[in-house]
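Quick one: the structure is below, questions incoming.
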């Protein structure tokens, strides 16, 4: 620097020198970092080559210093073993399972072969979400599209778990699986339906498939590889290859679009956390299935023509959006057709396609249905009965849940059918005869019971008893009392020694007055004021409140057992105690059932959430306060695991002992005498009551659970909102 230059130039010169100095320092630092990164990259590349591409081995070589000594990281186990489930009738699937197990063992992995008939998914399947096992399902399909006898219960459980709100959509998240179906393409309408269904149900419960479902064909002419054995061997080879990749830590299967030896899927693993992440709409319903899945582990001719794979890459999403739109249109048209079939009086034929089959209804004729209650299944396995067993002594495993009218005059916010049934204020449909309805209801019920033969935990004596229905809960869905021939239907039930529990929504007072004797007649009292009833039940009748009051007055005229059914919805109807007490004085019921609302999952038809579900202690508190306002009544029974209590009139307390149970044989005798006499020989509720056991009473240590059974708690269950 020249000190003789003027001060201003001197200052600028110093500033430039400082900048150059800093630039030199930063450039040197950047160069050093670049060299260090290159060295590290080269070292990592060398290390991967030495480890043959095994990430776990690479981790072992990295190590760290502990107390001056080098230690290796523990090798991560990506696959603990393989569980091979089979459902076989002729032995083919079993033979394939044993063959696959031998091949897996040769890879130094454990393998377990499991007969699906000996496996209880309710108890064990969730354990596979954290076991690091791979589950393989080898399942055969009968010619009629049904599973084999050994796989029937497993399939039934999966189907119902998909729609059961108690399980949740993420119930099997973490379970990894593969499916190989065995079928015969001669029966084209039912070809490999069991394998497809299991694949779909597992996917809907958030399990992750490790590879596309494959299918073996017994029809040699159509078999991809010449025989079903060859189909299986081809799939087995690919499965073992995929299994080895998983053992090395690879998370995503090959997309099937490899070019020039470079697999595109390897570079996309960071874009996808799991196979389940793509294709959210893949299994919207069975009708939409064709748009989203392949029928084989290999690329079919249809795929080559441009169809979508079951595993969808991000780059491919645009190509399938048109398919998604088609599915939405299909769903919308399905709902329209469901309503239309009712409006036209059954002229279109009310098929299961138009009812939410995921709820496991069995349709009867054009307006009736039957379903197997979950408490029936529970009692078959010795896991306890429903609240009617505790309160009234029904045998839950012998109870048939049905309805002669799927239509209803209300759209209740807590309806567990999510309003998939039609609504109306009068009967406008083609009427089926009650004889046909009852016969098909019993046949369908028996067929559903038969599926429990051989199921793990089912008691043989109860299974045999269950084949003969002893009770009928006319509460499945809709408004049974709308059916014009409801009295003939009730008489037919009683003629077959089947007791009747009929539920009405208190909108048809004249029909209540016209009813013949019923074992027990219910009226749903979901609110105690006009405003809250409109908000909760959302009735179709404009004069709904007067109809509601008239129905309660009609109930007071009945001589047989009558019940108010109160459903508590927190923040909606739990603060109307005095109004409820006034309604009790109006209808004078024999019993009052108070139950916390059951949350049935999200629905566009209701804004109900889990926040509206009261805890059992809150229900108890409500009942205690209500009982204090109605002096002729006391709390009699409790069923904790249904979140339900029973208030009974004191006339059922004989010599200090409650008699809320029913003498069903005596009722049938009285009903027959009534019919023979043309209605002249009447009877009352007091004529067929029976003593209530101690364990069913409020305050008992059993809290309403039958000590003859063993209570089952679902794993990871946070809040018991179950009930029927």
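Please read every residue number as a count from 1 along the shown chain.
Using the three backbone atoms N, Cα and C, a Cβ is placed for every residue, glycine included.
Where the annotation comes from TrEMBL, it is an automatic prediction and has not been curated.
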Scan 23-43, 44-64 against TrEMBL and say which stretch is down as transmembrane segment.
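Matching range for transmembrane segment: 23-43.
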Given 329-350, 351-372, 373-394, which one carries TrEMBL's transmembrane segment label?
329-350
Restricting to the domain 'Radical SAM core' (392-636), what is the model's mean pLDDT?
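Mean model confidence (pLDDT) across the domain 'Radical SAM core' (392-636) is 86.
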